[in-house]
């Protein structure tokens, strides 16, 4: 900042690269402005406790996601049930622009069914941590590598994409993981996957593992982060910084337990990093409609503090905040609400309300107030707000009554002097 000698105000100088939160041009491995979203509402999201999507609803969600601009849609394994298989086939026949994937166990029986559904790719997974090797499938690393090799070669022979992922990656032995990924990369998988299945990883652990893996494999790297400890968004961002190429999301973050990286949250974070990339790639003004669609389907309310679309996401209440926002929204907003089809709201009915907000609201109602009058009226509104919550209609009524009193007083004064 520099200080103007004329009036003592500070002039804000833009950062040299235009965005202090943008990608580091010297970091050639970072993919924060060049990544793909694998949208898993119709796979991971089906594992949400309240979820039940019939065929019609799945098709509706798939079309909406495709129109929104996601790169991939991941579907529940066709082996899960007969209806799951039929739904997978139905969505594959829609002719969507995005690629359709299905998620299967590292079994040849699953692979044979999956490749016949018409999907563009198969996501193969098997547990690699000591917990899952002992209590889930009971197999050793030799068996895992052999099974992975067989399944991957089979899927590749059908001419479709294949991703191989470990499950519970961050509680797996690092040497085992790297040996496994090196083996499947040599076979020719399109992607390897890292999964924080229990949500235990920290951003630093994510960054370190992805950077290490990036030096071992030449294929793309997909990441799947659960949100048990509230780190799914930060972990997804750090994965991209470290060189990951694909991130799994679900609408509203729904999934097993308390879910995975929310689609809207990831886009909020990446928008700050590269607004142009995100606004050109995705139809952001459709995000609220997408979230409402899924929220209704699983019978939940969108949280008040939800990223971007929550009722309070662009609401400003404190007087000093409101004054600055009215002068320049960038003072207290890192996201532009209009880019997401949202609106800014300045709260004017509380004990925290400042006179700038009251004057701005009066102007919206075509009521002219001087600064002194706005300050006087603000004192009156604060007194009322100390007693009870004031709705916008309450504030508007007080504004109109005050302005009417001013008009009457002005008329009487003019008549007396005539």
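Just so you know, the numbers here start at 1 and follow the chain as drawn.
In case you wondered, yes, glycine gets a Cβ from its N, Cα and C as well.
103 is the residue from 103, 316, 321 that Swiss-Prot records in the 2-oxoglutarate site together with 43, 44, 163, 165, 197, 224, 226. With 44, 123, 197 listed as the residues that bind L-lysine, the site has a largest C-alpha separation of 15 Å. Across the fold, the C-alpha of residue 224 (2-oxoglutarate binding site) and the C-alpha of residue 123 (L-lysine binding site) stand 12 Å from each other. Summarising the environment of residue 165 (2-oxoglutarate binding site), the number of other Cβ atoms within 10 Å of its Cβ, over all protein chains shown, is 26.
Within 10 Å of its Cβ, the residue among the recorded positions 103, 163, 226, 321 with the fewest other Cβ atoms is 321. All protein chains shown were included, and the count of other CB atoms within 10 Å of the CB of residue 123 (L-lysine binding site) stands at 28. Cα to Cα, residue 123 (L-lysine binding site) and residue 321 (active site, proton acceptor) are separated by 47 Å. The L-lysine site, placed at the center of the C-beta atoms of 44, 123, 197, has further neighbours from the same chain whose C-beta lies within 8 angstroms: 40, 43, 74, 103, 125, 165, 167, 193, 195, 224, 248, 260.
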